[in-house]
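S.K.: What TrEMBL lists as substrate binding site is E185. Per TrEMBL, the feature domain 'GCVT N-terminal' maps to 1-243. Taken from TrEMBL, the feature domain 'Aminomethyltransferase C-terminal' applies to 295-345.
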Amino acid sequence: MVPFAGWTLPLHYGQGHLRSHLHTRRHCSLFDVSHMLQTLVYGRDRIRFMESLVVGDIAELKPGQGTLTLLTNEKGGITDDLIVTNTSEDHLYVVSNAACADKDLAILRDRAAQLQATGSDVHLEVSDNALLALQGSPSMARVLQAGLSDDLAKLSFMSSITTTVYGVPGCRVTRCGYTGEDGVEISVPAARAVELAEQLLGVPDVWLAGLAARDSLRLEAGLCLYGNDIDETVTPAEAGLMCHLGKRRRVAMDFPGAAVIMAQVKEKPRRKPVAVAWTGAGQAPLTSAYLHIPGTVTSGCPSPCLGKNIAMGYVEAAHSRAGTELTVEVRKKQHPAVITKMPFVPTQYYMAK
């Protein structure tokens with residue numbers, strides 16, 4: 001157990017990090033992610049409220065559809081990455097990173113108060129639900145469907161329904177996750193979270209997984225970790241995340257930091273995010289720096305699936321092409337490496353036919 005964002009969370013369980021990571025890729029694992037902030041946004045002006053804070057096109061979301069989006073500041077920096085879902089129950093469902101929960105909630109409440117003062121109809125409710133993530137291809141779908149009355153095959157990646165899961169009513173099931181595998185996050189009433197977890201863990205294919213596997217799985221999938229790979233000093237243009245800016249929003253430029261971000265798009269960012277891989281010695285949880293090519297490493301670890309070391313970071317744009325050779329320094333030792341393509345391991349997100 002380790003401290004994390006004010007919580008005490010499991011780093012790994014009895015089977016260890018390596019076996020847990022590989023089990024998630026080959027079968028499925030259950031992660032307790034209840035430390036993440038879940039916020040419900042109500043009122044007829046909820047979409048206008050949300051779009052005044054994030055870069056995504058929330059208005060285009062159909063009922064039951066969600067999107068990964070970015071909360072930005074006036075300098076264009078990324079305050080957090082969020083998942084915003086337009087539910088079928090006339091509210092928005094927002095999931096924020098635990099490490100950003102306090103500042104995110106303060107921003108949301110402050111903006112809601114500003115709009116309320118001008119007569120807008122918007123109000124917030126912080127959910128006390130637990131949040132369980134069941135992740136892994138191909139077992140997840142089979143395991144969950146056995147306890148689900150709805151047809152899971154109709155639920156695409158980034159779609160969400162409210163349903164009964166293994167006898168527990170009122171669960172929000174969203175097909176998403178942080179591993180690169182087919183998976184769901186289940187928002188479950190806190191009083192019945194242990195019951196649901198025990199039901200899922202009653203299936204032999206399902207193992208518990210902790211923070212160590214969560215981190216190496218997301219890195220293999222090329223997914224950013226807030227506070228490492230993105231933060232308030234990095235813009236969506238620099239982070240290579242412009243795909244999350246809706247076309248309408250780019251034209252309207254009505255989100256925080258729009259002028260800075262769109263100017264960078266036009267002028268091309270001076271630095272770019274890259275994926276780096278190397279073999280042999282030098283395995284470390286976080287590599288320290290590039291040499292010869294100016295840049296920084298932001299996340300790094302040995303890849304259980306690839307049997308080599310992998311990292312994400314930033315280099316000068318002129319040196320960001322895949323195949324570029326460089327040197328990484330790990331614990332004061334230098335190792336030859338090469339820029340490669342992301343994700344390191346192909347993702348398995350499910351798209352309904």
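If you go along the chain as it appears here, the first residue is 1 and each next one adds 1.
Positions of Cβ are set from backbone N, Cα and C atoms, glycine also.
I would like each feature placed in context: is it buried or exposed, what are its neighbours, and how far apart are things?
M.R.: Averaged over the domain 'GCVT N-terminal' (1-243), the predicted model reaches a pLDDT of 97.
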S.K.: List the same-chain residues at least 6 positions away in sequence whose Cβ sits under 8 Å from the Cβ of E185 (substrate binding site), in sequence order, or say none.
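M.R.: Expected: V33, V95, L131, L132, A133, V173, T174, C176, G177.
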S.K.: What is the three-state DSSP composition of the domain 'Aminomethyltransferase C-terminal' (295-345), stated as helix, strand and coil residue counts?
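M.R.: Once the DSSP states are binned, the domain 'Aminomethyltransferase C-terminal' (295-345) shows 3 helix, 32 strand, 16 coil.
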